[in-house]
């Protein structure tokens, strides 16, 4: 007992300490306040008087609330100020009762109304809207407060759509329906496509969704109240309303849409049209052509064809169809398209990518004959004008792509100044359906350079000079490692895909064994000996085939000539152009007295030499040496040689300065003289450096060249 007393005294002491620690106006907790929710609102003057609450517009007491605190003027505040006594205007009936022995939930839990008007729910009757999943039902909103917002989402079963009918509509009217309104959307949310927005009191027509859901939104603004609205909904199918006329069968598809299967004699989306027995009159064939039924049911009789018949048209000989190739007999008894005609025309000739064509504007051509001159002298000018020959009319009608009208002229030119045209520059479409003249083509201009070379001119570029590189198969004495490329010879470009070179450059030493094409490449547009100084404009081309002359002798180096076929076409430019091939008629008997230009790179140059970086393509003049004299020169040096008919010897011309040593550079030999294609001088390939025993470049021994002229036909056969 003593222990219990001391415990109670301890609790009282603790309570006094807690009270002394609170702020002044909250120092006393009024235990009479009904629950902790009220304590924060209660002052020391908290009263127990009951405050009566009334429903809006009514005088009878419908509820009470306590306590109510006094304000600064020591007056009891109105119950409407405190949220515990605010009763929503739309309550259908308010909760009755007084503060009794038990705690009423009138204020504390927020339940103010016992019953709400239809469509509203919640303790304050302010909540509305819901998700509806039913085959049928209703949406009823009895009256509505200010600033209300309600949403309903109606879901139907898959394969069904929703029909919504308004039984009553009483909202504030506005032409734009922007104050109080009901908005219906075709979907399940407020972002779905809107069907329509309604206001006022005029009931709308029934509304149908396209899918299985419908969204209904109600909104009211801050003024005026009306009676609300009432709508019923039900699940239906697109066929529920029997949309097909004349006993047509309504068929549903997977999307919920419908199609009507019409009975015989009816047509239309809903079988609403009576199908008349129609047909099309027979189409005649075009002049200089004929027709053929290619699809559909075909002829009804000799003069008519059935609906759905397709007729195709064709032309005879050199005539071309202008207009629709096919026409179809349509449901209305009319033919599709327009009747075509057969016209004389020419198919455009095929041209290469190097040829540019231009169709000239249509002009009717006429010719003056002796008869015209006779009339001009025998008759007066007036009579001549009256009796003048009428010029034919210009052709009409569109032609298929790739055809041109009669008398059309087409002009041709090469796409680049580095090419020259062969064939006609202008061709005319004749009445026979053929083109006048010869088909044009463009070939590269050969043997032309920007400036005439001279031994005194430094830096002359020879655009047909081809550098032949070979890939190493082992360690080279010069420090080249396996797989590195090194310059072995010079060749001559003779067309976009062909290079002529000495055969010993592309075979194993002393053998007729051809090296692999993968171990060979051709570089065009090269000028400097050092590969690092080459311009970006050079072209590195792969080799697709190596054609060795069948009579090549690897011991005597007789017939020392080969053709390289390029895998990729050379791009013709100022730096890359072919050289011409000379004919027997071009080379006169004065060939022995000719001054021949030889060009090539120093293939034996030392890469460590100070001048290697600036070393360029060398060239110089040589003169032809008599074959017997050439053999005697070598015999005097103890070197027996044979100069065959496929060779010629030449040595440096002492009368002209030169920087070339043919024994070190190899290279190609060329002559400049007017060719058959142009009176201007053109450079022609006449020889390839084959062999030389002049180790010191002292000109004591002549260099042997392979003659190109005897192999011209063989080269041209392999150029194709």
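A Cβ is built for glycine as well, from the same backbone N, Cα and C atoms used for every other residue.
When 279, 614 are compared in Swiss-Prot, the N-linked glycosylation site annotation sits on 614. The two recorded residues, residue 697 (disulfide bond) and residue 489 (disulfide bond), show a Cα separation of 18 Å. The Cβ neighbour count for residue 342 (disulfide bond), using a 10 Å radius over every protein chain in view, is 23.
Only residues 6 or more beyond the boundaries of the domain 'EGF-like' (235-272), in the same chain, are considered here, and those with a CB under 8 A from a CB of the stretch are 135-136, 156-157, 159-163, 208, 210-212, 331. Per-site Cβ counts within 10 Å over the disulfide-bonded residues 244, 250 peak at 244. The Cα of residue 271 (disulfide bond) lies closest to that of 260, out of the disulfide-bonded residues 177, 260, 280, 342, 649. If you take the C-beta of residue 329 (disulfide bond) and look for same-chain residues 6 or more apart in sequence within under 8 angstroms, you find 279, 280, 296, 305, 306, 307, 308, 309, 310, 311, 335.
With the fewest other Cβ atoms inside 10 Å of its Cβ, the least crowded of the disulfide-bonded residues 239, 315 in this structure is 239. Listed in sequence order, the residues of the same chain lying 6 or more apart from residue 177 (disulfide bond) and placing their CB within less than 8 Å of its CB are 197, 198, 199, 200.
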